[in-house]
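Trainee: Got these off TrEMBL a minute ago, pasting:
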DOMAIN    67-282  domain 'G-protein coupled receptors family 1 profile'
TRANSMEM  55-75  transmembrane segment
TRANSMEM  87-109  transmembrane segment
TRANSMEM  129-148  transmembrane segment
TRANSMEM  168-189  transmembrane segment
TRANSMEM  209-238  transmembrane segment
TRANSMEM  273-297  transmembrane segment
TRANSMEM  309-335  transmembrane segment
Amino acid sequence: MIGTIIHGLVHRRLMDNDDNDDEKRTMCIDKSVKMSLEIDYNSSLISIQTNLYKYGGPFLMILGTVSCVLSLIVFTKKNQRKNPCAIYLVACNIGYLLQIYTTMLLAILSNGYNIDPTLYSLSFCHFRYYTLLLSAVLSPSYLILASIDRILITSPNALTRQRSTLRLTYICIIGITLFWLLAHMHTLFLTRIVEPVPNLIICSFQPRFYIAFINYYTILIQDILIPLLMIILGVWAVRNLRKRRQVTFATVNTAIIAVHPTHSKDSQLIQILIIDISIYIIFSAMMPPVLIYLQILQTRSYNFAEFQFGLLILNIALFSSYIPFCVGFYTNFLVSKKFRSEVKNIIKCQHLVHNY
């Protein structure tokens, strides 16, 4: 519709022109048609982005809130609090809630409803990018720590298994949290509100070197190193678990003794951990190629359509990266028998309390 109106205005302007040269008029009409098509194309890209966040965003946010709350209820049960891996998963779900109600909420308001408080407050601008970088690495770091804990607990070495303790768990959670809190402090000083073109105000990183640094940091640390560590540690934990399942039998005085029996709870927690890691890697895989494409785009001249397309795929990649934070409870419930059993026990207890 917008393209049709503009095409009509251009055509009227050509009719009023005293120049009767047919060839020139044809060239101008072709140019106006091309312009109208570009406007329609850009409008459709903006519409896709807006509708994705306007309708899909709130749904995903509700889904994620329910998932995190129910997961926290399961993993904070008395029988679960004694397990270091369960404590890491509690920290992980708290990190998910932080992601949902900071980065994800601001993205929904900005892209879906055209409400962006970061444009009017420099402090809010600093806060947005600080929480954006912080929340993106916090929960994945807890998953990595949980993987290391599962490697320790499934080790064939008894001394190594003894290192999996609640004390070490709390120290690691506090330590990695403080590390990331301090590591991203630079965003509080190197973000600003700018007006790159008239009537367009944005909250952005400092131009040139700092933007390039953030892009490469995101690609190397968030999108390559963290998933790579997850894969390596996850495979290592599964390998240890399989070795423990191959129970070694020793005959002592005609009695057969099983060495290193595999605990069902440890196996189920490893299964939950592997599922969470797999979902994170799958839905985060779109971000690295998108950031590389945008980085290449900055090195050459580009038109508005290319810019708008880059912005669209960036926002789709961001939306995709929110999904792992919102579906943990549902995937665990579907796959893990032990997890389903814990949920059913909670429901039964609540039912008995209500009846009482």
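Glycine residues also receive a Cβ, built from the backbone N, Cα and C atoms like all the rest.
Remember, TrEMBL labels are computer predictions, not curated facts.
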Trainee: Can you tell me which of 87-109, 168-189, 209-238, 309-335 gets the most C-beta pairs within less than 8 Å of the transmembrane segment (129-148)?
Mentor: 87-109
Trainee: So if I exclude everything within five residues of the ends of the transmembrane segment (168-189), which remaining residues of that chain have a CB under 8 angstroms from its CBs? That is, six or more out.
Mentor: 84, 87-88, 91, 126, 129-130, 133-134, 137-138, 141-142, 145, 149, 205
Trainee: Could you pull out which residues elsewhere in the chain have a CB under 8 Å from any CB of the transmembrane segment (273-297), counting only those six or more residues past its ends?
Mentor: 85, 89, 92, 140, 143, 146-147, 150, 212, 215-216, 218-219, 222-224, 227, 230-231, 234, 237-238, 306-307, 310, 313-314, 316-318, 320-321, 323-324, 327-328, 331-332, 335-336
